[in-house]
Amino acid sequence: MNKHQKPVLTGQRFKTRKRDEKEKFEPTVFRDTLVQGLNEAGDDLEAVAKFLDSTGSRLDYRRYADTLFDILVAGSMLAPGGTRIDDGDKTKMTNHCVFSANEDHETIRNYAQVFNKLIRRYKYLEKAFEDEMKKLLLFLKAFSETEQTKLAMLSGILLGNGTLPATILTSLFTDSLVKEGIAASFAVKLFKAWMAEKDANSVTSSLRKANLDKRLLELFPVNRQSVDHFAKYFTDAGLKELSDFLRVQQSLGTRKELQKELQERLSQECPIKEVVLYVKEEMKRNDLPETAVIGLLWTCIMNAVEWNKKEELVAEQALKHLKQYAPLLAVFSSQGQSELILLQKVQEYCYDNIHFMKAFQKIVVLFYKADVLSEEAILKWYKEAHVAKGKSVFLDQMKKFVEWLQNAEEESESEGEEN
């Protein structure tokens, strides 16, 4: 069967699609066009932003995103490792970039705005920019100290305004950066810039969302991964808020472990003397205050039993159970603040577990008689230290007992005066 040649349409010109037009550009052509435009715009960052906005319609930002961001940050295309590919040819580089900018927060913030505008205009660059920043952090050893500082400031500002996620910081945990002290030094500069944009709560919240709150010690070599070393390093750098945050995080981790072990010992019905000894040792070893422990003890004690579902029976069951563990609670409620925390925990528990609503007053009286709670703590709770949960119900329950305490106090005072 003969194959016939397909007819060719003559006299017709086809317009190249814009997408295909873009793909004709090679990285070097892309680089030259970008460098020329940045040099023409000069130090006028508004002009730079406009140039980048308009040029995106004819340059393929999607394909050459790494080249685009290399040049905007370092002024040149970067080879693997961070060295400049065109270091010897000034015509292929620009001085109008982050690394050539003045080393002050306001100047770098203005550069950050250029990145913000570019990524808002071309949303598809968002992921590419995140990848670029992770890459640049891996290349820190190739950059000078002042370049590292400017990159840290830029990263902190962009983290502050939400352009970058905190996950970029994982690059800092690279062994070589950690061992040479670059990771910790860079992190301090970055956090300072971040906290100049946002408050400490916002910064720590972002760290938690990125699951980095428990990894901050990894900024230091293994032999220096202690809370004390971190706290001193960051406090000396003016970042006490981060030091305090890490201490709290470490304390929370310790408390979880302590709670788990306590729960196990209570379920095995270990003698109270043994539990007291264990808790005291853990408090000393982990520098835990009594105020941090009393709430844990209450939670563990209440979790150690299967409660009756009938409201009329649960109060009796609770009193019997708590009477057994009152000596344990008494040991760790020797301070007024600890007593108030315990009272608030009892209040919250009785509110959250509806069968216990009517048992609150009976529990407090039991603790008073067992020397777990003092008269002063109960009166302070009643007057000002109660929490909002079910307060009207519980204050009403406690009214007669509080009146009795106040009368007893007045009688005691009058007897003292007579004597």
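Cβ coordinates are placed from backbone N, Cα and C, and glycine is handled just like the others.
According to Swiss-Prot, the listed position annotated as N6-acetyllysine out of Lys117, Lys198, Lys280, Lys380 is Lys117.
Swiss-Prot records phosphoserine for one of Ser251, Ser414, namely Ser414. Across the residues of the domain 'W2' (248-415), the predicted structure has a mean pLDDT of 90. Cβ neighbour count for Lys117 (N6-acetyllysine) (all protein chains, 10 Å cutoff from its Cβ): 17.
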